[in-house]
Amino acid sequence: MTATIIDGKAFSARVRAEAGRKVMVLKEQHDLTPGLAVVLVGEDPASQVYVRNKGKATVEAGMKSEEIRLDVTATEQEVLDVVHRLNADPTIHGILVQLPLPKQVDEMAVLDAIDPMKDVDGFHVINTGRQAVGLPAMVPCTPLGCLMMLKDTLGDLSGLNAVVVGRSNIVGKPMASLLLSENCTVTIAHSRTRDLPAVCRGADILVAAVGRPEMIRGDWVKPGATVIDVGINRIPKEDGKTRLVGDVCFDEAVEVAGAITPVPGGVGPMTIACLLANTVTAACRQAGIDEPEV
Ligand SMILES: Nc1nc2c(c(=O)[nH]1)N[C@@H](CN(C=O)c1ccc(C(=O)N[C@@H](CCC(=O)O)C(=O)O)cc1)CN2
C-alpha cells in the first residue's frame, strides 16, 4: 500500500486565501486592518528566512506587517521593552517573538509579557490554560495546522488512538491537548517512553515532533495510520550539500501509512498560514466583532 500524501502547500494556500478574504471584509465593512508584528533577536539563518516569509505572507493577505530586528546581544529588558510597546499599539493585533531566543533572554519571561489577546503564537500560559479547559483561546500555529490537516483527511477524530512523539511546549503538549479536545485517546511519548516502536504501532494518528532525523521507521507505523511529521531536520548529502528530512523515515512509512505529510511541503507551510488565520481571529476579538464568514 502507498499512502496518500497530505499536501500542506496546497492546503496552506487555501488557508491563506481565506485569511485574505476575511481581511478584505474587515477593511470594507469595519475599517479594520489586522496588524502583525514579528520580533527577531539575532541572526539565526533559518529564523531570518521564517521571519521574512511571515512578513511577506502578512502583506500578501492584505494586513499590516511590522518587523522588529534586535541585535544578538540584546538584553532581556530590551526585548521586553519592544513587547510592551507593541502591546500598547492599537494598530498591532498580533505579536510573535521568533524562537529560539539568544541564551541571555529568558524565553518564558518574554512570552509571558505578550498581551494574551495579541498572542498569535498561543504560547502564553493564559492561552495554554484556556485551550486546555475548552475556552476560546489563541492556539499555537503548528499544532493548529496539524489538526486542520487531520480533520480534512479523517473527518471526525473521536475515539481514534493518537500518539504524539515529543513533549515540547510549542508542539507536543498543545498538539496532545487539541487531539484530546477532539475526543482522541491520546498518548504523549518521549525519550523515557518504554518500547516506543510498540507505542507508535498502536496509533491511528501518529504525530512526530521529536527533532531527530528519520527516527520513526516504517515498521513503527500501524498499517493505514495517518502520519503527521512535524520535524524539519537538515542533514548532509553525499555531494556535500544538505537536504531536509522529517522525524519520520518517509520512504519506509509511505509504504505502510494510509496518509502522510511530506517534509518539506507538509506541516511547515501550515504554520505560517495558521499565523495569518490567528491574526485575523485576534483582530476580530479585540474589535469585539464576529469573524467574517467567507
Ligand atoms: N515564535 C515562533 N517561533 C518558532 C515557530 C513558531 O511557530 N513560533 N516555529 C518554528 C519555525 N517556523 C516558524 O516560525 C517555521 C518552520 C518551518 C516552516 C516551513 O514552511 N518549512 C518548510 C521548509 C523550509 C525550509 O526549506 O527550510 C516546509 O516544511 O516545507 C515555516 C515556519 C520555530 N520557531
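For all residues, glycine too, the Cβ spot is worked out from N, Cα and C.
TrEMBL lists G166, R167, S168, I232 with the feature NADP(+) binding site. Taken from TrEMBL, the feature domain 'Tetrahydrofolate dehydrogenase/cyclohydrolase catalytic' applies to 6-121. The annotation domain 'Tetrahydrofolate dehydrogenase/cyclohydrolase NAD(P)-binding' is assigned in TrEMBL to 140-286.
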Row S168 (NADP(+) binding site), column other C-beta within 10 angstroms, all chains, value 16
On the domain 'Tetrahydrofolate dehydrogenase/cyclohydrolase NAD(P)-binding' (140-286), the mean of the pLDDT values is 97
Residues in the domain 'Tetrahydrofolate dehydrogenase/cyclohydrolase NAD(P)-binding' (140-286) per DSSP class, helix first, strand next, coil last, are 57 helix, 30 strand, 60 coil
Other C-beta atoms within 10 angstroms of the C-beta of I232 (NADP(+) binding site) total 18
All chains considered, the count of other Cβ atoms within 10 Å of the Cβ of G166 (NADP(+) binding site) is 23
Hits among G166, R167, S168, I232, i.e. binding-site residues with CB under 6 Å from ligand 1, come out as I232
Within 10 A of the CB of R167 (NADP(+) binding site), the number of other CB atoms across every chain shown is 18
Helix, strand and coil residue totals from DSSP for the domain 'Tetrahydrofolate dehydrogenase/cyclohydrolase catalytic' (6-121) stand at 61 helix, 19 strand, 36 coil
Pairwise CA distances across G166, R167, S168, I232 (listed as binding NADP(+)) top out, in Å, at 16
